[in-house]
């Protein structure tokens, strides 16, 4: 196997990220699982099962900590070979692009996403956490890069999956695989939706800051495992012993998925962690850290009165000889 030209650099963050993932059993197993699924050719006309590829990608992002997935997806590159490795993180030939077909309209992709409850929630999360604002230093709501990156990565594994559009090191441009061709009188709305990815200063600053190590936000704290129990993981075959990182075309990345609180009609958390990584089914008040129960003082005293009355009733019955 020829040496990756990018490895001649003193530091190749994308290669380092892949090596770090391979040293973690869970990251290595799930990464190998989706790479295998997304690169398995079904026939001459069907290069892979896109549905199974997306499912395997979502499983990876859900189960692997962001300390590994963020490094894989947002690593910084100074060489085209490194940038191509980064672009290939999600096996785009299966999960992202469809080269033999015309790009779908972006509004059609958005519409399809909105019909799926989980995709709809994650898209709302992305718009909330990556909405460009000029009222903060970083152009991100609350200067929270982590929330934006997490919401972006949460879209991977759906038809609206975003990715790097090329292997450029001069500028970073990400986009879903779509265009605004044929939008008719909806072209302005379509272009606005597309610019949320391609020309979003919050998203671009978040990716660049993570890659060069200047991100201002601390890593998300691990939520209480008792209150955020994930569904039982599907068993994936263990990767072969000779599995290595020689195939530069297939590397991984992203974050645990974050469903939108806004889409559920809940008030968003105003702390540094603006989005919480739960599935829609788990967005209930009993697992929401900010949903606290307060007992009114009068209600408390009423409860005590009722308790004393209940305790006195048996005594009164005995005294009266009833």
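Numbering starts at 1 and runs along the chain as it is shown here.
Yeah, the Cβs are placed from backbone N, Cα and C, and that goes for glycine too.
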Report task. Could you check which of 171-210, 211-250 is flagged in TrEMBL as region 'Disordered'? Result -> 211-250
Report summary line: On average, residues of the domain 'GDNF/GAS1' (106-202) score a pLDDT of 95
